[in-house]
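Undergrad: The structure follows.
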Amino acid sequence: MLGVIRNKTIRPSFSAFRFFSSAKQMTVRDALNSALDVEMSADSKVFLMGEEVGEYQGAYKVTKGLLEKYGPERVLDTPITEAGFTGIGVGAAYYGLKPVVEFMTFNFSMQAIDHIINSAAKSNYMSAGQISVPIVFRGLNGDAAGVGAQHSHCYASWYGSCPGLKVLVPHSAEDARGLLKAAIRDPDPVVFLENELLYGESFPVSAEVLDSSFWLPIGKAKIEREGKDVTITAFSKMVGFALKAAEILEKEGISAEVINLRSIRPLDRPTINASVRKTNRLVTVEEGFPQHGVGAEICTSVIEESFGYLDATVERIGGADVPMPYAGNLERLVVPHVEDIVRAAKRACHRSVPLAAAA
């Protein structure tokens, strides 16, 4: 099968971005789809595999149209066996191909953790750089509204702690398109964490983003909003929450700088610390568990590198330390909200926050 993939003749390809060239908005779903299309058209070694990525066009339609365009040799529907198809993907990467492996949810990646960690992540180091593993693991991560604990785990800090992996967390259409293209081109294994609730959201995109040559550097954060009073770091869905919080804070005289991390590993420590040295305050936001989280790592970096610049205690916002409830009213109680970010930023700026509200 791999020989067939390697020698497959690419069909003439339309440029995925042309469909959007006259538009100013693009959904995250379309951004991911177009990134896959452009990279598959440019490199015959790139192929997709996973549950329902072909005939069904992806559980969330991210791979729509790609089976028809590139054929079953490059868009492979797999059985429901994450350990099996992930192992095949890693083996294909050893062989020199560039698989993009989709998990219907990253909760299911636990079935394939041995291949992801012990094979993909460690092989380059253990071979003294002789073996590259150019593979992308992508799919849903975190809160997806009403799907329960076994479909809502946030794996950002989990995979972010593992040497040998790169971990990307897109928020906007620009992020999704540019980071996925970079991930596919990267010689190392990349974990690409998407959020279901962002798929249908539209974001403004420039002509540069729509160009087929566009990509984003891995490990570089983006300052989404400049400010002078407090730094707020966030990733994935939480970036939107942070921006909404910044708008509310502005009305109360607080200027918040919002950093979209984009990458968890490597983490853009210079951008974060430069911002904190300007604002002298820090609030980290994530939806994952509070212990050993991404926010904890960011706070540690700031304490180690910029402690003398801090005018207030660092603030961490995260999910509750419990598995995700199924009931909607309980789910709302364990995930962060805009008002949580606002209260934390006001505390950091020494503004009055009632004890009941701060609890």
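A Cβ is built for glycine as well, from the same backbone N, Cα and C atoms used for every other residue.
From Swiss-Prot, here are the annotated features:
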- 1-19: transit peptide (TRANSIT)
- Glu82: thiamine diphosphate binding site (BINDING)
- Ile135, Ala183, Ile184, Asp186: K(+) binding site (BINDING)
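Tell me what's around each of these sites.
TA: Listed in sequence order, Phe103, Phe108, Ser109, Gln111, Ala112 are the same-chain residues six or more apart from Glu82 (thiamine diphosphate binding site) with CB atoms under 8 A from its CB.
Within 10 Å of the C-beta atom of Ile184 (K(+) binding site) sit 26 other C-beta atoms, taking all shown protein chains into account.
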Undergrad: Where does Asp186 (K(+) binding site) sit by DSSP, helix, strand or coil?
TA: coil
Undergrad: Under 8 Å between C-beta atoms and at least six apart in sequence, can you list the same-chain neighbours of Ala183 (K(+) binding site), or say none if there are none?
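TA: In sequence order, the residues whose Cβ lies under 8 Å from that of Ala183 (K(+) binding site) (at least 6 apart) are Val136, Arg138, Lys166, Leu168, Val190, Phe192, Ile218.
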Undergrad: Measure from the Cβ of Ile135 (K(+) binding site) and count the other Cβ atoms within 10 Å, all protein chains considered.
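TA: Around the Cβ of Ile135 (K(+) binding site), 28 other Cβ atoms lie within 10 Å.
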Undergrad: So what sits near Asp186 (K(+) binding site) in its own chain, CB-to-CB under 8 Å and at least six residues off in sequence?
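TA: Spatial neighbours, sequence-distant, of Asp186 (K(+) binding site): Pro134, Lys166, Ile218.
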